[in-house]
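Step one of this worksheet: look at the structure below.
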Amino acid sequence: MAVSARPARAPRGSDKVKKDKAAQTSGPRQGSRMGKLLGFEWTDVSSWERLVTLLNRPTDPAGLAVFRFLFGLMMVLDIPQERGLSSLDRRYLDGLEVCRFPLLDALQPLPLDWMYLIYTIMFLGALGMMLGLCYRISCVLFLLPYWYVFLLDKTSWNNHSYLYGLLAFQLTFVDAHHYWSVDGLLRARKRNAHVPLWNYAVLRGQIFIVYFIAGIKKLDADWVEGYSMEYLSRHWLFSPFKLVLSEEMTSLLVVHWCGLLLDLSAGFLLFFDASRPIGFVFVSYFHCMNSQLFSIGMFPYVMLASSPLFCSPEWPRKLVAHCPKKLQELLPLRTAPQPSTSCMYKRSRARGSQKPGLRHKLSTAFTLLYLLEQLFLPYSHFLTQGYNNWTNGLYGYSWDMMVHSRSHQHVKITYRDGRTGELGYLNPGVFTQSRRWKDHADMLKQYATCLSRLLPKYNVTEPQIYFDIWVSINDRFQQRIFDPRVDIVQAAWSPFQRTPWLQPLLMDLSPWRTKLQEIKSSLDNHTEVVFIADFPGLHLENFVSEDLGNTSIQLLQGEVTVELVAEQKNQTLQEGEKMQLPAGEYHKVYTVSSSPSCYMYIYVNTTEVALEQDLAYLQELKEKVENGSETGPLPPELQPLLEGEVKGGPEPTPLVQTFLRRQQRLQEIERRRNAPFHERLVRFLLRKLFIFRRSFLMTCISLRNLAFGRPSLEQLAQEVTYANLRPFEPAGEPSPVNTDSSNPNPPEPDSHPVHSEF
């Protein structure tokens, strides 16, 4: 009887809600200035109970459901691509000797077939989230594997991958399946039911924080002065701006200053009704540009999908109302939402106001605590000082997007046998699948610990590991980031204490960047320069390649002593002095001043210059023959210039072969550049089709292995070969080079010295 009585009261509540729909779902009834501007009155937040009532106000679920669908779709597309399902066998091949970088050392990947199962669960969770099918379960099925894979590899961390995990976490708790969902079709109580306002507030707050904190981080002096993304203005997307601005001013005004202003203002522009159309234009243009400028996967499209969250929640119904009637039958409902137990409704004066329950209070507390935590985390680096390097914290949760750009000039890994004292050198990055360990003390410690476990297999006992890593950040001098005299295996490191073997960034030398740019611009096209800064008491050992026939070193600041190893000669340089360095030999540069030294290498690759001259001569000769100005016969070894390589014909010289390969490359680039849009679209779709095809086939193979056991190695090899086929590519289309950073067979340690060469 009690169960049957409940539905009997529902229609009366439903009728009341429909009558007061405008008042309950669109904000305050009174058209006060604050109500029109913010959507609520000051009295709505004047007490805890009123705040609970506000955040649990019934709201149209339509806009939330559209975001749920689009976000789920983006994750379905993201898993085979940026999450790495298509290349999972290269990263987690069973028996692969590789150093990994999880957040916690206890986190380790499962066997390969089980990793495919984890990814399958994540994919099905994203699909269920998109469709609103078993919604809560689907969100959990996506969320748990996603964070497991995310925490498994710090080298792949970035801001947008972190954001995906946060959005999925929020969607797990909100009622995004109350509209346009399979759950709504199966359960009448969920179909087209109100959602509380906090569902929108927490998502809007998250997106607002992403924009605004990113803008605050861009107030960094390097960004404001235009050093962070200095070379971005060379991209063709900025060509319209360069019609009226120089490349330098385009970089400063458009890339840096406009990027700063957009991030600071985007959240506000989207929040207020009057400015929202302007915000939509700028934000959409910004993310469309980013999709072409950077390889950041689904991030621009996720941010585009999040923008309508700031619109009136019923915007999808208004859009459906403008569609043809026949099409409306296939689209989401237009009818008014039904009541939901998740919301608090205003009642008549006689009955009094609805009292907030425990559920409503907990949801309000969750919203406030979550947003406060998100405001705190980007500035929590004073707690996790072990992750602070030249930039604060692990790259990923600080929203300091694109603020810091790095270049690495020199990386040397030295090992010492703890028993014999024998020295040796390792190829930088051996036993790894990433290069990001170079900039982070925590990853360097993990790498050194891993090497100390692996090197005994190569007859190196009790190994000591030393790293000499030179980095330039935002066009500063190349300088050491870690102390090369410290054995990192035994070095102390804690996530909550400052890393003692981290070298400071020489901020006092930042004003030199203007002078360095002037020096670069004064050099001709064939002359290169590298700017170095080093600490007192340290030295740089370097090797000048035989190709660099004209190399010199010039001191800019401090005092150094240059040792020519082969000649056993030393020469001390004062500020402004320079000396020639012999090619094909080692030298050492000692900083003997009490302050850091600054110097530069100036060099010309004479071999490359000679090659360019020879290739230019062959190009000129080919053009003369083709236009008839060259009447004499070509020597047999130069005939391929006109006819290409012919089987059975004369063997072209290495120079001619190089010329022909370059011509072929240039022709291919020109062909692709001038290809019609439909051809480029087909090529793009075929690449994506291969990624999804390989992901599907490799997943099927692994799930079969788990269910029925692994077949013979011969059969597995045939199946993987079939998965690697590109059957849909047009004939003659070259397969793209595998740019996957993972290497299933990393090289063994090299016992020969490895030094940087210019």
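Keep in mind that glycine also has a Cβ here, set from the backbone N, Cα and C atoms.
Look at Swiss-Prot and you will find 1-34 (among others) tagged as region 'Disordered'.
Annotated N-acetylalanine per Swiss-Prot: ALA2, in sequence order, evidence recorded as similarity to another entry.
Feature annotation from Swiss-Prot assigns topological domain 'Cytoplasmic' to 2-60 (among others); the stated evidence is sequence analysis.
Residues annotated as compositional bias 'Basic and acidic residues' in Swiss-Prot: 12-22 (among others).
Swiss-Prot lists 61-81 (among others) with the feature transmembrane segment. Through the fold, the transmembrane segment (61-81) approaches residues 119, 122-123, 126-132, 142, 164, 167-168, 171, 174-181, 192-195, 199-200, 203, 297-298, 301-302, 305-306, 308-309, 311-317, 332, 337, 691-692, 695 of its own chain, all at least 6 residues removed from its boundaries and within a Cβ separation under 8 Å.
The average pLDDT the prediction assigns to the topological domain 'Lumenal' (82-113) is 94. The topological domain 'Lumenal' annotation in Swiss-Prot covers 82-113 (among others) and rests on sequence analysis.
Residues annotated as disulfide bond in Swiss-Prot: CYS99-CYS450. Cβ environment of CYS99 (disulfide bond): PHE431, THR432, GLN446, TYR447, CYS450, LEU451, LEU454 lie under 8 Å away, each six or more residues apart in the same chain. The secondary structure of CYS99 (disulfide bond), as reduced to three states from DSSP, is coil rather than helix or strand.
Annotated transmembrane segment per Swiss-Prot: 114-134 (among others), in sequence order. Within its own chain, the transmembrane segment (114-134) has Cβ neighbours under 8 Å at 65, 68-69, 71-73, 75-76, 79, 83, 85, 88, 92, 140-143, 145-146, 148-149, 168, 171, 176-177, 180-184, 698-699, 702-703, 706, counting only residues six or more beyond its boundaries.
Residues or ranges marked as transmembrane segment by Swiss-Prot on the basis of sequence analysis: 137-157 (among others).
The feature topological domain 'Lumenal' is assigned by Swiss-Prot to 158-292 (among others). Sorting the topological domain 'Lumenal' (158-292) by DSSP state (H, G, I as helix; E, B as strand; all else coil) yields 96 helix, 3 strand, 36 coil.
What Swiss-Prot records for 293-313 (among others) is transmembrane segment. Residues 25-26, 59-64, 66-67, 70-71, 74-75, 77-78, 81-82, 158, 160, 163-164, 167, 200, 203-204, 207, 210, 232, 235, 237, 270-271, 276, 279-280, 283-284, 287 of the same chain, all 6+ positions outside the transmembrane segment (293-313), place their C-beta atoms under 8 angstroms from a C-beta of that stretch.
Among the features that Swiss-Prot reports, topological domain 'Cytoplasmic' is placed at 314-363 (among others).
Positions annotated as transmembrane segment by Swiss-Prot: 364-384 (among others).
Here Swiss-Prot flags 385-758 (among others) as topological domain 'Lumenal', drawing on sequence analysis.
Look at Swiss-Prot and you will find 727-758 (among others) tagged as region 'Disordered'.
Under the heading compositional bias 'Basic and acidic residues', Swiss-Prot lists 749-758 (among others).
When the topological domain 'Cytoplasmic' (314-363) is classified with DSSP, helix, strand and coil residues number 17 helix, 1 strand, 32 coil.
Among residues of the same chain six or more beyond the topological domain 'Lumenal' (82-113), those with a C-beta under 8 A of the stretch's C-beta atoms are 119, 122-123, 146, 148-149, 151-156, 161, 297-298, 431-434, 437, 443, 446-447, 450-451, 454, 691-692, 694-695, 698-699, 702-703, 705-706, 710, 720, 740, 742-744, 746.
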